[in-house]
Amino acid sequence: MPAPRLLVLFGSQTGTAQDVAERLGREAQRRRLGCRVQALDSYAVANLIREPLVIFVCATTGQGDPPDNMKNFWRFIFRKNLPSTSLCQMDFAVVGLGDSAYAKFNFVAKKLHRRLLQLGGSALLPMCLGDDQHELGPDATIDPWLGDLWEKVLRLYPVPLDLPVIPPGVPLPSKFTLQFIQEAPNPGSKESCLASPESLGPPSESQPFLAPMVTNQRVTGPSHFQDVRLIEFDITDSGISFAPGDVVLIQPSNSAAHIQQFCQVLGLDPKQYFMLQPQELDVPCPPELPQPCSVWHLVSQYLDIASVPRRSFFELLACLSPHKLEREKLLELSSAQGQEDLCEYCSRPRRTILEVLCDFPHTAGAIPPDYLLDLIPQIRPRAFSIASSLLVHPGRLQILVAVVQYQTRLREPRRGLCSSWLASLDPEKGPVQVPLWVRPGGLAFPETPDTPVIMVGPGTGVAPFRAAVQERVAQGQTGNFLFFGCRWRDQDFYWAAEWQELEKRGCLTLVTAFSREQTLLPCRQGQKVYVQHRLRERGPLVWELLEHRGAYFYLAGNAKYMPADVTEALMSIFQEEGGLSHPSAATFLARLQRTLRFQTETWA
């Protein structure tokens, strides 16, 4: 009996789950197993009933949420009318990617595994739960699990003996070939895949809108440790509309200096054009790349040379290296035994792909261009909460951007690709355009005019609440309660004058926590005051709004500690002001979450 084609489906937010899924695909290929690798939302989920062998690789995002590219699948697989025998012919396994620092560690993988069993699927193995907190990262769990997986799969579906395993040091065929062309295309033709007025539907990832940047203003004080920008775009005639809680996705570019350095190290001519050809029939060309495409466009718009390379990068680079010493080092860094060295060399100091290529110059100079798309991941769009209302700023879209910059043991500071790129753009020096599109966010506000809303947004987490407050005030809705926290009132109190004016008009109740100022007060004895402390202080008001006035509660900001601290404060309020026992308080909170009266939008 011929071995069935293995299907690997992934849900990935940052690229880690996709990288693991592609590793599964490569290992299957080396074992001569047919294999397809797809994002969950690009797969026709109705065909799942006919799949004999499926591996699911799923990340967990936010507070136990599925990644964006598996949300449609998630809704489908949890339909209540699906028969319990739907997947009775399927053998499956689930790999989860998560972070045990969060309460809902690998929640998506665990829930999916249970659901596949409910629908009649047979689990090949127990779940594999990768953990970012492990000193060696998710691979510490994934490596031994994969050994068990292949043993099980090959026992069930043996490969013919005359097909030997392709050894690790031999490179697999590239997904694409780059066919360089002698003549550049017509100078009048533009290298873009952008939305035009004739495009069908609103702008999207495959057809973003080139939005003119109107202003780019620093809104933190000159002595503040962080550069935070309020950026405004003109979206007139773009077809873009949005509501409070929605997010804008921005496609960043690599810097000109990095592009030139990359081309120099690899011996590429940035002005050269090529046609991209898939090696297999069922592999489409990336829609983001025009045909023909220049090397400059490929490197500036597509290849994420500023990202920290994963282990798979070193595996392929070792295969392609003609230099004995460099190859030995690359093999060591890509081996299971070398993961501590890889962590020390790359992950901890956040060394980038470009910096690694500069450290291995003989290998970098010998990389065949055909392998560039296999070797280097695609630049991912970055999501920002929209910080303005179309009712107040028609034809405009505003965002609040914290510019990411920090120091590791490496000489050069580490910089966030998108935030640094946005900060570098100056519309006062000439026209600036940024590719963007909009999608629904994780926050939905009540439509009934008399429903109060409690919003907790420390730092840049306040951005979606500015959009909500603007919209609600423009519609005549009162009952807006905002808890805002930052370090200093004169350094990072975003939109202070706007909030204070709304307070005077009776449109907003503002509660602030300035954490560094409180430590200077004798009564605080050096303790910092955060938004969760202010919530407890206003416990009677919070309980009155939630229990008796049907208020909605919203939380936005950093996902590390703040959501757990705020949840703990709410639990205390329910017990102290509502007289609930701890189990009853937990039930009350769960009911708020289930009825969407408690919503969160958090990020790492």
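Glycine too: its Cβ is placed from the backbone N, Cα and C atoms.
Residues or ranges marked as FMN binding site by TrEMBL: Ser12, Gln13, Thr14, Gly15, Thr16, Ala17, Ala59, Thr60, Thr61, Gly62, Asp132. Per TrEMBL, the feature FAD binding site maps to Arg350, Arg382, Ala383, Phe384, Ser385, Gly416, Leu417, Cys418, Ser419, Trp603. Annotation source TrEMBL lists NADP(+) binding site at Thr460, Ser515, Arg516, Lys528, Val529, Tyr530, Val531, Gln532, Asp565. According to TrEMBL, the feature domain 'Flavodoxin-like' maps to 6-150. TrEMBL lists 206-447 with the feature domain 'FAD-binding FR-type'. Residues or ranges marked as region 'Disordered' by TrEMBL: 187-206.
The full span of the recorded FMN binding residues, Ser12, Gln13, Thr14, Gly15, Thr16, Ala17, Ala59, Thr60, Thr61, Gly62, Asp132, taken as their largest Cα to Cα distance, is 15 Å. Secondary structure by DSSP for the domain 'Flavodoxin-like' (6-150): 58 helix, 34 strand, 53 coil. Binding of FAD is attributed in the record to Arg350, Arg382, Ala383, Phe384, Ser385, Gly416, Leu417, Cys418, Ser419, Trp603, and the widest Cα separation among these residues amounts to 26 Å. Across the structure, Val531 (NADP(+) binding site) and Leu417 (FAD binding site) place their CA atoms 30 angstrom apart. Long-range neighbours of Thr16 (FMN binding site) (same chain, six or more residues apart, CB within less than 8 Å of its CB): Ala59, Leu97, Pro138, Arg310. In this structure, the binding-site residues Ser12, Thr14, Ser385 were compared by how many other Cβ atoms lie within 10 Å of their Cβ, and the smallest count belongs to Thr14.
The most densely surrounded of the binding-site residues Ala59, Ala383, Leu417, Val529, judged by C-beta neighbours within 10 angstroms, is Ala59.
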